[in-house]
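Colleague: Pasting a structure here, questions to come.
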Amino acid sequence: MSVEVYRQKIEKGGYSAAYEATRRYERGEIEVLSWSSRWESAWSKFGEAVKALGKIEGAPRALVIAKVQEALAYMSKPLPNMKLAMAAAVQAVRACEQLPGMNRERCLDAVAGALGVAKDWIRREMTGGGGGGGGGGGGGGGAVV
């Protein structure tokens, strides 16, 4: 597939197409991925964040990964929805805090690193004016776990 086809797939299909394109780029199957350098960086950081969570299994870890993926999907749209992305990021941090050995700062570092955003943006959503909404989202995350 050409780079242009992958670009169109990402615009339509979001994260799964980006994942596929990034993997093909890493294998050398496509040469130019300048349009998705943001994705390449995001996936690299996401992989680092998952490693930071260790080999812990279970629902909270799966929820952290799912919420980070959700936030990345919101951020990757042609018109990114940062409000929904940050809400998903807050839920990821709250789920991460439930994991053994993890605290808020480590979770903020992992999630912010995976998303390529400043952890203060997520912290502000958790504690600032958007904190009430973030708290509600955290409760919803608790119900899923």
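Our numbering is plain: 1 for the first residue shown, then up by one each step along the chain.
Glycine is no exception: its Cβ is also placed from the backbone N, Cα and C atoms.
If you look up Swiss-Prot, you'll see Cys96-Cys107 marked as disulfide bond.
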Colleague: On the three-state reduction of DSSP, what should I expect for Cys107 (disulfide bond)?
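Modeller: It is helical.
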Colleague: Could you check the disulfide-bonded residues Cys96, Cys107 and say which one's CB has the fewest neighbouring CB atoms inside 10 Å?
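Modeller: Candidates: the disulfide-bonded residues Cys96, Cys107. Fewest Cβ atoms within 10 Å: Cys107.
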Colleague: Helix, strand or coil: which one is Cys96 (disulfide bond) in, per DSSP?
Modeller: helix
